[in-house]
Amino acid sequence: VFGHQRSPSMEFKELTKKDAQIQLAQELQKLLVTCPNSYKDVIQKDFEGYEKLFGRFINETGPSVEWEKIQKLPEGAVWNFSELRAPDTELVKNMLNKLVVVKLNGGLGTSMGCQGPKSIIPVRSELTFLDLTVQQIEHLNKTYSTNVPLVLMNSFNTDDDTQKVIRKYHGFQVKTYTFNQSRYPRINKESLMPIAKTTGSDADLEAWYPPGHGDFYQSFKNSGLLQEFIKQGKEYVFISNIDNLGATVDLSILNFLLGGEESGKCEFLMEVTDKTRADVKGGTLIQYEEKLRLLEIAQVPKEHVDDFKSVKTFKIFNTNNLWIKLTAVDRILDEETMDMDVIINNKHLDNGLNIIQLEQAVGAAVKSFIGALGINVPRSRFLPVKKTDDLLLVMSNLYRLQQGTLVMSPLRMFETTPLVKLGPNHFGRVKEFLRRFASIPDMLELDHLTVSGDVTFGKGVSLRGTVIIIANHGDRIDIPPGAILENKIVSGNLRILDH
């Protein structure tokens with residue numbers, strides 16, 4: 001037809017895809033040659049995993065979710081935590097002996113201006129995320145004479161430092177295991193080929209990345225730990241992010257999975273909690289093609305992003321606290337039916353290169369398991385520390401520390417935590433943040449705090465209601481010791497106004 005331009009034929013597209021996969025395989029083989037013999041097996045397994053992931057990325061056509069096909073969650077898909085009951089005391093030991101605790105420990109503390117693993121940042125009374133986790137599990141093991149092991153999934157970024165730190169737990173009543181998630185090559189956005197010239201990440205750290213927590217399943221199996229724990233008679237693994245201070249072992253959830261006639265029927269349990277305006281980007285559970293499925297913001301078509309963020313449409317979000325049956329993981333990996341959507345993470349490197357990281361989310365595997373359910377848990381089980389805003393909350397008198405667990409103070413009148421926004425330029429880095437507080441303010445009656453600019457707090461300050469403190473460029477505000485700010489706006493030249 002006159003004026004009609006031919007679109008690339010399907011055949012051409014298929015050949016291009018095939019070609020990209022062949023080229024990638026060749027490039028990975030070249031990289032493997034640069035690898036020392038002692039690491040060859042590990043790197044080869046990583047590359048096999050990466051080729052599968054790349055294959056999925058190249059061959060996926062169209063969106064992974066068609067918005068019109070999303071169904072309402074069926075009755076009974078999400079249980080309510082309040083309906084669960086704790087097990088009888090004599091059953092607890094037996095149940096705990098069937099549990100493995102895994103903490104995702106691959107992240108660095110760079111978002112808070114720290115070097116090394118995030119898990120070794122002090123968060124409360126000089127104790128780190130890792131210290132608190134070990135205390136919690138040791139308390140369980142001592143109380144019930146059990147042997148719940150702690151497993152850390154490290155990345156190549158965090159492994160060395162973590163290994164040094166965990167030596168200090170040698171005398172504790174917690175057996176600690178570690179394994180590494182894969183190390184995958186970053187690929188050039190234009191050529192789709194690895195940017196690495198050699199497998200040594202020390203020489204070219206920017207060329208490699210840990211591929212998100214969806215890598216847990218295969219790496220856990222590759223490490224030999226999955227089989228080892230199944231042999232030991234362990235049945236469930238409880239996975240959570242190391243920086244979620246609310247993710248403690250809950251006996252009622254364990255009883256739900258292991259107690260009564262339904263014991264072991266639910267292979268995958270995802271803890272969700274009610275969405276607030278602060279959680280609009282969190283993944284949510286949906287029913288899709290008759291299966292429970294995790295929907296992430298990256299999968300949402302642009303025109304539906306506002307619907308996704310709406311607290312009315314999607315009322316819950318994923319906390320990334322997951323309880324998964326070990327034999328089910330083993331079966332699904334053997335059958336090769338593990339199905340997780342590929343997340344494409346575009347990044348711009350300092351050297352000007354645009355690269356792609358292919359990742360997967362651990363919760364996205366929910367659709368691969370039999371009898372998968374959600375459980376709506378209290379907000380107290382979701383207490384992540386991503387920025388210094390969160391650090392201020394967990395260091396304050398809003399919480400009390402009991403055997404490594406942070407518990408909301410009974411003196412706080414509301415169940416919700418205050419909304420805190422600290423200016424990143426002056427408060428973003430932990431070192432700078434700590435320097436600005438002579439002592440952490442009393443925040444028991446605080447609803448909302450916004451601080452921007454060069455602000456310091458004297459000893460014994462009390463913040464109540466809504467407090468906004470803004471130092472203009474070039475100004476500095478020093479909140480005097482003992483000050484009580486209740487519903488106040490403090491502006492550039494230290495005028496204190498009623499809010």
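Glycine residues also receive a Cβ, built from the backbone N, Cα and C atoms like all the rest.
Computed from a predicted structure; not experimentally measured.
Noted in TrEMBL for the protein shown:
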BINDING   Lys118, Gln181, Gly212, Asp243, Lys386  UTP binding site
BINDING   His213  substrate binding site
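The separation of His213 (substrate binding site) from Lys118 (UTP binding site), Cα to Cα, is 15 Å. Taking the Cβ of Lys386 (UTP binding site) as reference, residues of its chain lying under 8 Å away and at least six apart in sequence are, in sequence order, Ser111, Asp243. For the UTP site, whose binding residues are given in the record as Lys118, Gln181, Gly212, Asp243, Lys386, the maximum C-alpha distance rounds to 21 Å.
The number of other CB atoms found within 10 A of the CB of Gln181 (UTP binding site), across every protein chain shown, is 28. Here the C-alpha separation of Gln181 (UTP binding site) and His213 (substrate binding site) works out to 8 Å.
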